[in-house]
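As C-alpha cells, the structure follows; a few thoughts come after it.
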Amino acid sequence: MAPMGIRLSPLGVAVFFLLGLGVLYHLYSGFLAGRFSLFGLGGEPAGGAAEVAVDGGTVDLREMLAVAVLAAERGGDEVRRVRESNVLHEKSKGKTREGAEDKMTSGDVLSNRKMFYLLKTAFPNVQINTEEHVDASDKEVIVWNRKIPEDILKEIAAPKEVPAESVTVWIDPLDATQEYTEDLRKYVTTMVCVAVNGKPVLGVIHKPFSEYTAWAMVDSGSNVKARSSYNEKTPKIIVSRSHAGMVKQVALQTFGNQTLIIPAGGAGYKVLALLDVPDMTQEKADLYIHVTYIKKWDICAGNAILKALGGHMTTLSGEEISYTGSDGIEGGLLASIRMNHQALVRKLPDLEKSGH
C-alpha cells in the first residue's frame, strides 16, 4: 500500500512557488522602506532634530563647509527680506530662564526652512540640530550644485572624509532675534557649525545686512584671522545686553577701573568682535564673557572658528564644550584668542556663581 501523503500536480507546485516569492517580496520591500525612511526620504521627525541614517557612509567636510556657507547666506537672504518688508509676524515661544521673552519671527522660520533643507538634501545621513521646529509637512528639496567656491578650494586643497554617523550639524537660523525685532541689524547673524564626535570642526557666521561671511575649518583653513594685538591687562569685554551690569561689577574688580564693558546682542556678533573683521558696523573686543545658560546652536560656529584660529571657548571653569547630547550648557562662557586662556579662567572664579 502506498504511503499516505499529499501529491501535488505540476500546477500546484508552481502555485506554491509563486506564493513563496510573494511573501519574500513583501518582506524585502518592507525592509527597503525602513531603510529609505532612515535616509530622510520618508519625512522628518518632529522637533528641531533630524534622524541619523544607520551605516551612512562618509561625508566630506570640505563639501559640508561649502554647503554651510551657502545655507547661511540663503538663510540670511530670508532674514533680510522679512526685516525689510517690516512684517515680522512676531510671537513669543515663552520665557527664557532670565524671564525675558523668547521671541520668534517669520525671519527665523523662513531662514530655518532654507538652511535646514539645503543641508538635509545635500547630506541626508547626518544629524542636524536647529533652534526652530522643523515642519515635516512643509518639506522643501533644495539642491546643491556641488560646486565648492574658489576661496574654500584655495584654503583647503584636499577633501577630508569622516564617518557620517560621527557628524552633528548645529544651525542657528537667526541669532539675536530680540535685536532683530528692534531693528538693531548689526547684531543679527545666521550660523552653521559641524561637530565631529562632539568637537567643533567647522563654523560659518554670516551677517545678512552687511553680507559679510566668516568661515573656518580646524586644521585646514579660514577666510578670517585674529587681530594683531589684544589687551590682556585691561581688556574690552563684550557681553550680552541683558546682563552687562552683572559682568561689569566682577570685571572691574578683576581687571581694574579701566576695563570697558561692551553690551551687545547675538553670540555670533560677539565672537566676530574678537577677530579682524572688515565690517564697519562690527565693534572690537578682547574677551567674550557669558554668565548664564546658553544654547549650543548659539555658540558652536563661533567655537569652531576660534579653535581653527588658535583661540579658545570654554565654560567659565575652563571646561571644553561637547556638541553632543543636550542642546545647552550651564557653565557660562569665556572666549579668547591670543591670550593665556587658563590664566583668564583663574581670574574669573566667581562669575558663574554670579550668573545664577
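In case you wondered, yes, glycine gets a Cβ from its N, Cα and C as well.
Within the same chain, residues at least 6 positions away in sequence whose Cβ sits under 8 Å from that of L174 (Mg(2+) 1 binding site) are G75, V79, T105, G107, D108, S111, N112, Y180, V188, T190. Per Swiss-Prot, the feature Mg(2+) 1 binding site maps to E131, D172, L174.
Summarising the annotation, Swiss-Prot assigns Mg(2+) 3 binding site to E131. There are 23 other Cβ atoms within 10 Å of the Cβ belonging to E131 (Mg(2+) 1 binding site).
Close to D175 (Mg(2+) 2 binding site) in the fold, though at least 6 residues off in sequence, lie Y187, V188, T189, T190, M191, G266, A267, G268, Y269, D298, each with a CB less than 8 Å from its CB. Annotation comment: Swiss-Prot describes D172, D175, D298 as Mg(2+) 2 binding site.
According to its DSSP assignment, H243 (AMP binding site) is helical. What Swiss-Prot lists as AMP binding site is S240, H243, G266, K270, and the listing cites similarity to another entry.
According to Swiss-Prot, the N-acetylmethionine annotation covers M1.
For the topological domain 'Cytoplasmic' (1-12), the mean pLDDT of the prediction comes to 51. Residues or ranges marked as topological domain 'Cytoplasmic' by Swiss-Prot: 1-12.
Marked as topological domain 'Lumenal' by Swiss-Prot: 34-356.
Local packing around the Cβ, expressed as the count of other Cβ atoms within 10 angstroms, is greatest for K270 among the binding-site residues H243, K270. Within 8 Å of the centroid of the Cβ atoms of S240, H243, G266, K270, where the record puts AMP, the same chain has further Cβ atoms from I238, V239, R241, S242, P263, A264, G265, A267, H290. Taking the Cα atom of each, D172 (Mg(2+) 1 binding site) and K270 (AMP binding site) are about 15 angstrom apart.
Note: S240 (AMP binding site) has non-local neighbours P263, A264, G265, K270, H290, T292, i.e. same-chain residues 6+ apart with C-beta under 8 A of its own C-beta.
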